[in-house]
Amino acid sequence: MKQLYGVIGNPIGHSLSPVMHNDAFEHLNMDAHYHAFLVKEEVLGEAVRGLKALGISGFNVTTPHKVAIMDYLDEIDPLAKQIGAVNTVVHKNGKLIGYNTDGIGFVRALQSISSEPLQEKRILLLGAGGASRAIYFSLADAGVKEIDVANRTVDKAKELIAACTATVHSVALSLEKATKEQGSYDIIIQTTTIGMHPRVEHTPLQISSLKKGTIVSDIIYNPFETKILCEAKEQGAIIQNGIDMFVYQGALAFEMWTGCVPNIERMKQLVIRKLGG
């Protein structure tokens, strides 16, 4: 019997997840299908119960449901609970179990371009929203010891740091102070929507004085190279856009559902083609 998987969100027509997962199923000769479900906020509970009744094997959760979905699940993974958001649900033994692969996917993506372990790196996170929270907790869970958070509202950065129970040395900074201190970091991670199409001329931090070998990663992938990445490249930095994070979080969900590891490079090239790269 064909296994059913999917993604719920609103809007959902733009999602690249069906193309990526269905290609992986076909490549691995698996009898499965991944479908995008448009689910409005007011019917989220009914939709989740319906998917469970249909026997869906697993599904992803995207905007605006990542927090609200938690009220309709049977179990939530401790890391997802700490992050406060779920983006992947596994249907196992009659239970819907929620996970967050966004942060772990980002960590795996970052490790893929770092020639050294992340644990000893000094990291700066730009932004203190949901994406930053997932990445912060996942980096801490991976053993990173030094993560500073810069945000337009410093109090929000302080709240994010205070919520983490892991042993991490962290300082909350203004974006102005982070700009001045950028040369002291090994990795800078841009987690806000600043620089996303159509406001491509904007950047949360002017790159001007990076040390040699710095990695600058931006979770945005439209455009492929945001202003911060262009500036970092001019400084000789190793740069990474959001495609890697998207692919790795999807691959991790795929692995959780099926027990099979998909071909990451195949997934990545497919997504790049679909985005017109």
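For all residues, glycine too, the Cβ spot is worked out from N, Cα and C.
What you are looking at is a predicted structure, and each value in this text was computed from that prediction instead of being measured.
Record check, Swiss-Prot: shikimate site residues include SER15, LEU16, SER17, THR62, ASN87, TYR221, and the candidate from ASP102, ASP186, ASP244 also listed there is ASP102. Listed by Swiss-Prot as binding NADP(+) are GLY127, ALA128, GLY129, GLY130, ALA131, ASN151, ARG152, THR153, VAL154, ASP155, LYS156, GLY242; the candidate from ILE104, ILE219, ILE228, ILE264 that the record includes in that site is ILE219. For LYS156 (NADP(+) binding site), the same-chain residues that are 6 or more apart in sequence and have a Cβ closer than 8 Å to its Cβ are ALA128. It is SER17 that, of the binding-site residues SER17, THR62, has its Cβ surrounded by the most other Cβ atoms within 10 Å. According to DSSP, VAL154 (NADP(+) binding site) sits within a helical segment. Spatially close to ARG152 (NADP(+) binding site) yet at least six residues away along the chain are SER174, LEU175, PRO204, judged by Cβ distances under 8 angstroms. Rounded to a whole value, the Cα-Cα separation of THR62 (shikimate binding site) and VAL154 (NADP(+) binding site) is 27 Å.
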